[in-house]
C-alpha cells in the first residue's frame with residue numbers, strides 16, 4: 001500500500017486482475033505529519049505524504065486495509081506525482097484507479113477521470 005496525506009498548510013493497465021495479490025498504494029487526506037515532516041516510514045512529495053506497503057492483498061482487501069488506516073488508495077493528481085510514485089516502485093501496486101471490463105473507461109475510486117489518457 002502507499003498512503004498519501006497532506007503536510008501542514010504553509011503560507012506558501014498492467015492488466016492485473018482485481019483478485020490477484022499485489023502490494024498497494026493508499027492515500028490519506030488527513031495530516032500525517034509531525035511538525036513539517038511526514039511520519040516515519042512515509043515519503044514526502046510536495047504537500048503530501050506517501051506510505052508504500054509490502055503487504056500482498058487483492059484490490060478489495062487493499063481498499064479495506066486503507067480504510068482501516070483512515071485512508072484510500074492513491075489517486076494520482078498530476079505528472080509530478082506520477083513521476084514521484086514511479087521513481088519509488090519496482091513491483092505491481094494497487095492504486096485507486098480501475099475499470100469494469102476492457103471496454104469501459106478508467107476511473108478513480110471517487111469516480112473522477114484520470115488526468116492522462118490511459
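Each residue, glycine too, has its Cβ placed from N, Cα and C.
Unlike curated entries, TrEMBL annotations are predicted automatically.
Keep in mind that this is a model prediction, so the values were computed, not measured.
Listed features, source TrEMBL:
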DOMAIN    45-118  domain 'C-type lectin'
DSSP-derived helix, strand and coil totals, residue by residue, for the domain 'C-type lectin' (45-118): 18 helix, 15 strand, 41 coil
Segment-level pLDDT (mean, integer) for the domain 'C-type lectin' (45-118): 82
